[in-house]
Amino acid sequence: MEEEDDGEIPYEPKDESKLNRFDRWRNSLPSGPGGSKKKGKFMKIFLLVLFILFIYFVFIYGKAKRLTKFKINGNGNGLKLDDDEIDTTNFSDKVYSEKLQSNGGGEDIFAIYAKTKAGKLITFNVSRRLKTNGENKPCCAPAVYSWNGENGNKCTLCCGTEECKESCCCGKDCKECCKDCSAECCKGQNGCCQNGKNCCCCCFIQLIEAAVLNPSDPNRLTPARVFFSLLPTILYLLVFIFMARGAMKGQLGIYGGKGSIFGIGKSISQTKKANVTFKDVAGIKEEKEELEEIVDFLKRPKKYSAMGARIPKGVILYGPPGTGKTLLAKAVSGESNVPFLEASGASFDDMFVGVGAKRVRELFEKAKKLSPCIIFIDEIDALAGKRGGKFNIQGNEQTINQLLSEMDGFNTQSGIIIIAATNRLESIDEAVLRPGRFDRHIQINLPDIAERRSILTLHAKNKNLSNKVNLEEIARKTPGFSGAQLENVLNEAALLTVRANKKVISTREIDEAIDRVMAGPAKKGRKILFNERKQIAYHESGHAIAGLYTEDGELVEKITIIPRGRAAGYVLSVPKTQERTISTKRQLLSSILTLLAGRAAEELFFGYDNISTGAANDLYKATQIARNIVLRFGMTKSAGMVQYLPSEEGENPYKNNYSEEYAKLIDDEMNKIIDEQYAKAKEVIEKNKVEFLLIVETLLLLETIDRGQIEYIHKYKRIPKEALEEKSKLEEKAKGSKEEKPS
């Protein structure tokens, strides 16, 4: 059976009143694609508002402060700064200035450094646009006025041009300057230097009566300064939010996923209500009957309690991939109409020790709240592998111990059934598999021919198949296929039909779909030399002739030399009778003979030095069968019936558990088996050389031949009609090409 997700819908607890306030709020949040769009829209609006605030603080709010006008009053022993928004500030005598720029007769800007009487440092810029009416002489406008803080009664240079030296008191003592008030900078007024102020100071006062730009206090916190100080923190927060959002989706490596630091404490189970029933599961009739008892218990538990019966706590389903283990567990939930808690065994692993055990506790606590329900753990071998191995870690043992504790801590009367699935039952810890925990072990095997037909019938219901399609024949052509592969065959056939603009699925599309599932899509565009193509035909014909003339061989269903995937060609063989559950030594030896017949044909017709690499996979399979004959099945007299299996998990896989002397004996026996079957393969090909060459010729003409054409060659010892028609076409084409050549 196939493992697929069949229309599951989220399961919600019926009683919302039992949820706390946080859970109710969380459930009210939008989820799914629509919710993601709303969250993304909210994030965009938030970033837009943040950007607008940034523009306001930097380019509007700060600029408005720089354009604020102030009035400077020079009176008494200091300066006064009058502003409508702040209180009047009195400056001390220690005022320093520095010329910042001069635009050549335009506006001069000075940086003023002063201290208030309270000792607080104030810095601001002043500007003065020179007038042309002679009210202020140029001698004072471009000058840089400065007071030495160490010696406040001395004037330094106050005039910057030669013509100002006569009219200003440059370089003189401040007291001498005040004696002569006829200087231009004092405008000839008596008492212009009152209270100890010198002429230079008068000129300075005239300058700073102009507008003041950008008054600032170094200790004052402005909005722009606060914004830029917080900007790095804001950027870090935005990056963190972005990474956290990605981590929730499991897209950022160690930052995301259930094993990351962001996944700690999160529930790893999904609560669903399956809409799959036993009617949706084809084949595995006996396995379904085993599980129907559990369904009946979940529906009518009192019937079993009255008889004192104990229903199994757990059921473990094991078998090859794609056989329907997950689908069967969902069918139990769908038939019982109870919640289905699904979790993967690998999701319990975490980068931190103890988190796996915590997740096991949370899973069972959630199940108790939803009782009756089914807990399904897929790939449980990843959760409950054997303990005590060399490579086992402490965190895994804690997780297993917690699982065992939880399984022992509840009884089946609580209505909780645990179903687990695995492909490797032998790798699970024995303590988990014992009765009282997983009481029932149900093996799900690959479907036989009857089960394959029922699976194909189930999946063909919604397919528009041609009336000529024989599902029984398709089931016969697909030995070893799982339910998932059979479903894929019909789906691929439907896709091929749509690609060919057809409305009905024919046998041709289904045969092509089988080939695609087995070996991949055909690579007809690959250019192969004729000699290489010929050698491939001989190789595949060798497999076919060996299958025809080996007593315990398989029927040859199809031979093709069209490259698919990594194979240059292949032979499709099916059992002559129903699939075998056990194999005899003679059957195993026949399989080795058939595998080696391809290499044998190459050596016979092309020589030992021209054998190809096409037999690599055949040799690998033949070696594995020979190894099992000697080591596992005890089918050789010299090696005896002692079984030497490979090392168990957790031990060194490269260390043999047998002596060097016995290793040499094993190698000798394996080589003996391979050599004997290779010689027999050559003998079969040489004995049936005529029929072999007819198969080769037909294969080179048609590229693919089926069982009917092979049986025709085998019975009548001549090539089939289709090959003759193709041969005639090629001869006519070659004849026409010769006639077109100039003489």
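Going from the start of the chain as shown, residues are counted 1 onward.
Using the three backbone atoms N, Cα and C, a Cβ is placed for every residue, glycine included.
Unlike curated records, TrEMBL annotations are generated automatically.
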*Quick one: which of Asp511, Asp609, Asp618 does TrEMBL put in the Zn(2+) site with His539, His543?*
Asp618
*Residues of the domain 'AAA+ ATPase' (311-448) by DSSP state, where helix covers H, G and I*: 60 helix, 31 strand, 47 coil
*In sequence order, what residues of the same chain, 6+ apart, have a Cβ less than 8 Å from the Cβ of Glu540 (active site)?*
Ile559, Thr560, Ile561, Gly569, Tyr570, Val571, Gly598, Leu699
*Round to a whole number and give the Cα-to-Cα distance in Å for the pair His539 (Zn(2+) binding site) and Pro321 (ATP binding site).*
32
*Quick one: among the binding-site residues Thr323, Thr326, which has the most Cβ atoms sitting within 10 Å of its own Cβ?*
Thr323
*Cβ-centroid neighbours of Zn(2+) site His539, His543, Asp618, 8 Å, sequence order*: Glu540, Gly542, Val571, Leu595, Leu596, Ala597, Gly598, Arg599, Ala601, Gly614, Ala615
*Reduced DSSP assignment, His543 (Zn(2+) binding site)*: helix
